Amino acid sequence: MKILSVLLLALIICSIVGWSEAQFTDVSCTTSKECWSVCQRLHNTSIGKCMNKKCRCYS
């Protein structure tokens, strides 16, 4: 049971750190494919996702 608690805590910490790497944009979108060129142009990365109708870029 202790190991499960430690693994759960590690997962939560890693998730929080991962979220901080996201960079938000004000560019509207309907599909994630639309964000790829936006992220490349604005943040020099092609990893992007459409969330809540806004592009979100990851490094």
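Every residue, even glycine, has its Cβ placed from backbone N, Cα and C.
Of all Cβ atoms in the protein chains displayed, 15 besides its own lie within 10 Å of the Cβ of Gln23 (pyrrolidone carboxylic acid). Among the features that Swiss-Prot reports, pyrrolidone carboxylic acid is placed at Gln23, with the record citing similarity to another entry.
Neighbour list (Cys50 (disulfide bond), Cβ cut-off 8 Å, at least 6 residues apart, same chain): Cys29, Thr30, Thr31, Ser32, Glu34, Cys35, Arg56. Taken from Swiss-Prot, the feature disulfide bond covers Cys29-Cys50 (among others), and the record attributes it to similarity to another entry.
According to Swiss-Prot, the disulfide bond annotation covers Cys35-Cys55 (among others), on the basis of similarity to another entry. Note on Cys55 (disulfide bond): other Cβ atoms within 10 Å of its Cβ, all shown chains, come to 24.
Positions annotated as disulfide bond by Swiss-Prot: Cys39-Cys57 (among others). DSSP assigns Cys57 (disulfide bond) to a strand segment in the three-state reduction.
For the region 'Interaction with Ca(2+)-activated K(+) channels' (48-55), the predicted model reports an average pLDDT of 94. What Swiss-Prot records for 48-55 is region 'Interaction with Ca(2+)-activated K(+) channels'.
According to Swiss-Prot, the feature site 'Basic residue of the functional dyad' maps to Lys49. All protein chains considered, the CB of Lys49 (site 'Basic residue of the functional dyad') has 16 other CB atoms within 10 Å. Annotation note: Lys49 (site 'Basic residue of the functional dyad') sits in a strand segment as assigned by DSSP.
Taken from Swiss-Prot, the feature site 'Aromatic residue of the functional dyad' applies to Tyr58, supported by similarity to another entry. For Tyr58 (site 'Aromatic residue of the functional dyad'), other Cβ atoms within 10 Å of its Cβ number 15.
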CB within-chain contacts under 8 A for Cys39 (disulfide bond), separation at least 6: Thr25, Thr45, Ser46, Ile47, Gly48, Cys55, Cys57, Tyr58
Assigned conformation of Gln23 (pyrrolidone carboxylic acid) - DSSP reduced to three states: strand
